[in-house]
Each structure stands twice: as C-alpha cells, then as structure tokens.
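Trainee: The repeat 'WD' annotation in TrEMBL covers 62-104, 105-146, 285-326, 328-369. Under the heading domain 'Sof1-like protein', TrEMBL lists 361-400.
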Amino acid sequence: MKVNVISRSTDEYTKERSQDLQRVFRNFDPNIRTQEKAVEYVRACNAAKLEKIFARPFVGAMDGHIDSISCMAKNPNHLTKIFSGSMDGDIRLWDIASRRTVCQFPGHQGAVQGLAVSTDGRVLVSCGTDSTVRLWGVPVSTLLEEDVSSDKSAVPLETYVWKNAFRAVDHQWNFDRFATGGAGVDIWKHNRSAPEQSFEWGTDTVVSIKFNPGQPDILATSASDRSIAIYDLRMGKPAAKFIMRTRTNSISWNPMEPINFTAANEDSNCYSFDSRKLNEAKCVHKDHVSAVMDIDYSPTGREFVTGSYDRTVRIFQYNGGHSREIYHTKRMQRVFCVKFSCDASYVISGSDDTNLRLWKAKASEQLGVLLPREQKKHEYNEAVKNRYKHLPEVKRIVRYDKRMPAISLLNLPFCYRKKKKSNYCQYISYLDITRSIMFACFL
C-alpha cells in the first residue's frame, strides 16, 4: 500500500540567526482568500487613520528678525540654505538643518520687497522700497562650513540706484540677467548700472514677477490694476495681457509643465492658467478665507504651497480644487511668503510675527533613515489607501479636518445674527404672553 506523507525541509523555516524574522508562508489562491477585498478595505481605513494620528507637520521655527518677513529665496545649489528679507531692511542666510543664521546682508534703508538667487547660487539680488538694487556675493566658505555663526556680514558687490521703488525681483535661468518690477518692468545685467530693457504697458505698480523655467526669455508679471501680463524678451515687447476681477499678489510657474502657471489672488483663490489660452482658468483652487499672499511650486510640479492673510499655509495638488494639507499655529500671524525646499520634502513659511517656520510637506512622514521593511510598509499603505479612496469610509477619514480658527471667525457674524434673531423671537413671545395676562386681568 502506498502512503503519501507531508514532507518539509527544516532549512525553509529555520532561522539562521536569532535576529532573523520568522518566515510566513501564504497561499495567494483567490479561491482560498475569499475575503481579500474586505481585508484590504480595512487596511485602507487603518492606513488613513494612522496618517491622521501621526500627522505632526511642524518641525521648528527660526527667529532672529525684528520685523515682519516680507520675502524669501531658495539657493538652487544648497538644499539646507535659504535667504529671507524683512520690513526693516535686514537680509539673512539661514541654515535649515541647525535653524540658525549663517550670514547677514545689511544695507537696505527700507523694506526688502524682493530676493532672487542666480542659477549657480553665487549671486544674491535684492531690491526694496529705498529704490536700490543690490548684488551680493554669497560666500562659499559660509555655505560649506559646519560651525555656523550669525556674526558674519556681507558687503554688496554692486548697488544700483533707480528713480522708483521696487516691489519684486527675479533672476533669469542660466543667464546673468534679472528683472525688477515697480513702476514698470526693467531688465538688468550684473555688470550694468542701468536697465538694458524697460517695459511699460499702461499698468500701475508691478507687484510680482517670475521668469519661466523652461523658456528663460519669457516672464510673467502681475500689477495692482488687476492685470497679468506675459513678456517675451526676444520680441522686446509684451506678448499677452488679461484682467482679473481682483489683484494677483504672486505668480509661480510649474517647473515640469512650463506652459502653465498659477496665480495667487486677492479673492482668497488660486487660478491655474495655460499661457497659450488665457481667456479661462484651467483650475480654481479654493479653501483660503482671506487673500492669498504668496505661492510656490514643488520641484516635482505635482503640488504647490500657498500662504495667506488668514494665517494659514496650505498645500494643493496642481490639479486639485481643494487643499491637501493645512498648517497653522497659535502664534503664527499673517503669512507673507512661502517656499518649497529644493528636494520637495519641506515647506518654509515667513509671517508677520518675525519668524520663519519649517514644516514637513507630508504631515505624517517619518523623518530619518527608514529600514527596507518600513519603506515597503509605507508604500503598501499608500497604495491600498489610493485604491480604496473613493469608498465612503476611507474618503471621510482622508477628507476630515478640524475646523479652522479663521473659518470660525468668518462665521461669527452669521452666529451673531442668528442669536439676535433667536433673542428677538423670544422677546416677542414674552411680550405677547405679558399682554395677554394684562388683558385678562383688566377683564
């Protein structure tokens, strides 16, 4: 008689070392795993809940300025360095890793309205309300040394005095030219003390200016007369212009889709446009409850960050109508400038309370080096959450957000009117009862 026996090799399930993980054998036959989708749905719910539980976006604050922070600029060649300018004319270079000042750039007599860094990261351009443009040499030794100190000060390489105050500046990609915005649009070179080109299109003050990263000769501007204009330096004249309903405070080009840009508007919305078709917006990004002051795209081009007068920082998908993340603290005041880090991992915001704040781009992201099993677990949770994000329970958890203080303040007038109407109705009913009692007594 033939007897079939179960035979196992001890080498398949015996651990070689005590630190090794116990191997688990699974059968992926769909006829056996009938509850596979139900199990994955529960895992998606748990992954969405864990993302909310471990959401700790705030990393740290950088203090040192004595007035409101008005503008910031990234150094393209150094991930951990960022420049900031304040209303008192102070410019600082910060080390994000240690959250301390590396170098100071004194010189402006008024508010610093714009900062821009050359593509090689060696020249800093600043402009302000004192009608001057200053070129600074960024010391390489300061960027590379580990022991940072705030005692170092830089001297401007060049100082250009002009007849009007400046409101914005941006450096051209891969060239030694930069553009300033004020009473008009002026194109400068590093070695010339006067603009080589000037543009005026019947506008009021230009409040923001940005060069296109894909086509360096194209730049977009917004002005206080609610207009957005596109200029082509090769043509030597403006290329297109359209009028918005409210003023645009800032513009940012998508680095991965250079034909698209997004405008941060005074009506608390952001509008994405295709530069080839400016008669309508591709997408309207809503959620802020006050004017959007600044905007900056992630290097990946998939999302952008905004800072608003409602004291919040929000992160939007490039094609999403509502924000993915919202950041705020009790001490943070009106946000005037925001930037994505060059590796798209962090967000830096500058506000009215003289502080720069460092946030994680993904609120629940784990900092530090991850083990391979941890990385695979995070990737699996993200994949299963995206697979079931359309189902009601997962969708509810992902979209859940606490009520904002700014939104509560916005609803206060409605609450007051509702309470007043309720009190009035109670008072009227009380008068009716009193009159009926008095009438009965007289009878």
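Numbering starts at 1 and runs along the chain as it is shown here.
Including glycine, each Cβ sits where the backbone N, Cα and C put it.
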Trainee: Checking distant contacts: for the repeat 'WD' (105-146), what same-chain residues at least six beyond its ends satisfy Cβ-Cβ under 8 A?
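Mentor: Sequence-distant neighbours of the repeat 'WD' (105-146): 70-78, 81, 83-93, 152-154, 156-171, 173-176, 178, 180-181, 188, 190.
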Trainee: How about long-range neighbours of the repeat 'WD' (285-326): same chain, 6 or more residues beyond its ends, C-beta under 8 Å?
Mentor: 57, 249-257, 260, 262-272, 332-340, 342-344, 347, 349-351, 359, 361-363, 401, 404-407, 410
Trainee: Residue list, the repeat 'WD' (328-369) vs rest of chain: Cβ under 8 Å, 6 or more residues beyond ends.
Mentor: 50-63, 65-76, 79, 82, 84, 86, 94, 96, 99, 293-300, 303-313, 315, 378, 404-406
Trainee: Mind checking which residues of the chain, 6+ beyond the ends of the repeat 'WD' (62-104), have their Cβ under 8 Å from one of its Cβ atoms?
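Mentor: Contacts of the repeat 'WD' (62-104) (Cβ under 8 Å, skipping residues fewer than 6 from its ends): 110-117, 119-121, 124, 126, 128, 130, 136, 138-139, 142-143, 148-150, 152-154, 336-339, 341-343, 346, 348, 350-358.
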Trainee: May I have the DSSP-based helix, strand and coil counts for the residues of the repeat 'WD' (328-369)?
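Mentor: The breakdown for the repeat 'WD' (328-369) reads 0 helix, 18 strand, 24 coil.
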